Amino acid sequence: MALSLLVVSISFYLKEYISPDSDLYATLSLVSVAGVVVMVIAFSLGLGAMPWIIMSEILPINIKGLAGSFATLVNWFFSWLVTLTANLLLDWSLGGTFTIYTAVCVFTAGFVAIWVPETKGKTLEEIQQFFR
């Protein structure tokens with residue numbers, strides 16, 4: 001996701017210095033669209049499923065309903081926040097908006113790598129022991 005968003009932001013920065021009549025400008029437009037499409041695919045295959053996987057893997061059974069509801073609320077709140085601010089950010093700067101999104105993706109990848117435990121091959125009891 002971060003790499004595709006970085007490609008989109010670079011293409012928007014480059015478009016500011018190129019004449020709209022040139023062939024390179026049209027190519028950069030296609031690169032921008034392709035980058036966004038790749039980002040959506042990467043999100044759907046990776047980070048988009050993360051909250052649902054974490055809820056099913058990590059939450060203990062006795063709080064799964066309440067904690068799952070809260071996690072879903074937080075997930076949809078941040079989706080709403082991104083949707084709300086996207087047009088404001090795009091009006092400010094096209095390249096800057098996608099640079100911010102790139103930075104958020106890099107931060108998220110680091111956060112997941114450091115703080116989200118690996119659950120492959122572990123029982124629920126072993127996972128819960130990790131959090132104690």
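Backbone N, Cα and C atoms are what each Cβ position is placed from, and that goes for glycine too.
Here's what TrEMBL has on this protein:
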- 1-120: domain 'Major facilitator superfamily (MFS) profile' (DOMAIN)
- 24-54: transmembrane segment (TRANSMEM)
- 66-86: transmembrane segment (TRANSMEM)
- 98-116: transmembrane segment (TRANSMEM)
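Within the same chain, residues 51, 54-55, 59, 97 sit at least 6 positions outside the transmembrane segment (66-86) and bring their C-beta atoms closer than 8 Å to a C-beta of that stretch. Remote same-chain partners of the transmembrane segment (24-54), defined as residues 6 or more beyond its termini with a Cβ less than 8 Å from a stretch Cβ, comprise 1, 4-5, 7-8, 11-12, 14-15, 18, 71-72, 75, 105, 108, 112, 116. Confidence in the domain 'Major facilitator superfamily (MFS) profile' (1-120), given as mean pLDDT, stands at 92. Secondary structure of the domain 'Major facilitator superfamily (MFS) profile' (1-120), assigned with DSSP and counted as helix (H, G, I), strand (E, B) and coil, comes to 103 helix, 0 strand, 17 coil.
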